[in-house]
Amino acid sequence: MGAIVNTLAVIAGGVIGLFFSKGIKEKYQHTIMQALGLSTIFIGLGGALEKILLIKQHALSSHGSLLIAISLVLGALIGEFFDIEYQFERLGKWLKAKAKSNDSKFTEAFVSTSLTVCIGAMAIVGSIQDGLVHDPSMLYTKSLLDFIIVIVFASTLGIGSIFAALPILVLEGSLTLFAGALNGILTTAVINNMVMVGNILIVGVGVNLMEAYHIKVANLLPALIIAIPLTYLL
């Protein structure tokens, strides 16, 4: 149920965002995108640092840096081999054709919005929680946040943001359905490390939104999976 509610929230936020986009001038859209990029970077950093930094014996320490580095490097190799970024863009172009849209930012909107709402802590933990103990409360909270986020994305990037509802439904729905079968593998440590890596990827999405440099974040997605075995090895 949580995944369905989240999907509907993304669609609703996208529709409302499109309504607002008609009254926003291009120069304002550019500044809003930069603000959104900064906000996304902050959200990603905050989520990652929450898992990385620890207080032990009244002293600040860190952990997980090696796991993050190895996960990202191996994830990048796998992602580049399969060129996941291109596959995302290809899906975006296919959806654009099906929607008969002339929006030049359609694919960018689809990819950026999908990555932002799909790879965060609440998407992973909330879906697993819904599947294991049938508690969708975290996904309900995420739905409200995504509703607001997608309003902003759609108002600046356009209709492609609405179609982020598709990967949301597939990802969260799959995690919810298979959470029980993966119960023995998805320990607290594994989930924390996946969340940690996921938040680093969100930082990459924020950098892309700033339009200063392009990081192939989609090609880094395998890092989320790599983090699982590394949790047991490191």
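Keep in mind that glycine also has a Cβ here, set from the backbone N, Cα and C atoms.
Please treat TrEMBL annotations as automatic predictions, because they have not gone through curation.
Remember, it's a predicted structure, so these values are computed and weren't measured experimentally.
With a threshold of 8 Å between CB atoms, the same-chain residues lying at least 6 positions outside the transmembrane segment (6-24) that come near it are 32, 113, 117, 139, 142-144, 146-156, 158-159, 161-162, 164-165, 168-169, 172. The annotation transmembrane segment is assigned in TrEMBL to 6-24 (among others).
Non-local neighbours of the transmembrane segment (36-54) in the same chain are 60-65, 68, 116, 120-121, 152-153, 156, 192-193, 195-196, 198-211; each lies 6+ residues outside the stretch with a CB under 8 Å from one of its CB atoms. The transmembrane segment annotation in TrEMBL covers 36-54 (among others).
Panel annotation: around the transmembrane segment (66-88), residues 52, 110-111, 114, 193, 196-197, 200, 216-227, 230-231, 234 of the same chain, lying at least six beyond its termini, place a Cβ under 8 Å from a Cβ of the stretch. The transmembrane segment annotation in TrEMBL covers 66-88 (among others).
Annotation source TrEMBL lists transmembrane segment at 109-128 (among others).
For the transmembrane segment (148-170), the residues of the chain that approach it from at least six positions outside its boundaries are 3-4, 6-11, 13-18, 20-21, 24, 29, 32-33, 36, 92, 95-96, 99, 101, 103, 105-110, 112-114, 116-118, 123, judged by C-beta separation under 8 angstroms. The transmembrane segment feature in TrEMBL is assigned to 148-170 (among others).
The annotation transmembrane segment is assigned in TrEMBL to 182-207 (among others). Within its own chain, the transmembrane segment (182-207) is flanked in space by residues 37-48, 51-52, 64, 67-68, 71-72, 75, 112, 115-116, 119-121, 123-125, 128, 132, 213, 215, 217, 220-221, 223-224, 227-228, 230-231, which lie at least six positions past its ends and keep a Cβ under 8 Å from the stretch.
Among residues of the same chain six or more beyond the transmembrane segment (213-233), those with a C-beta under 8 A of the stretch's C-beta atoms are 67, 70-72, 74-76, 78-80, 83-85, 87-88, 111, 115, 119, 185-187, 189-190, 193-194, 196-198, 201, 204-205, 207. Feature annotation from TrEMBL assigns transmembrane segment to 213-233 (among others).
Tertiary neighbourhood of the transmembrane segment (109-128): same-chain residues 2-3, 10, 40, 43, 47, 85, 88-89, 91-92, 95-96, 103, 136, 138-139, 141-142, 145-146, 149-150, 153-154, 157-161, 163-164, 166-168, 171-173, 175-176, 179, 182, 186, 191, 194-195, 198-199, 201-202, 205, 208-209, 217-218, 221, 224, selected by CB-CB distance under 8 Å and a gap of 6+ residues from either end.
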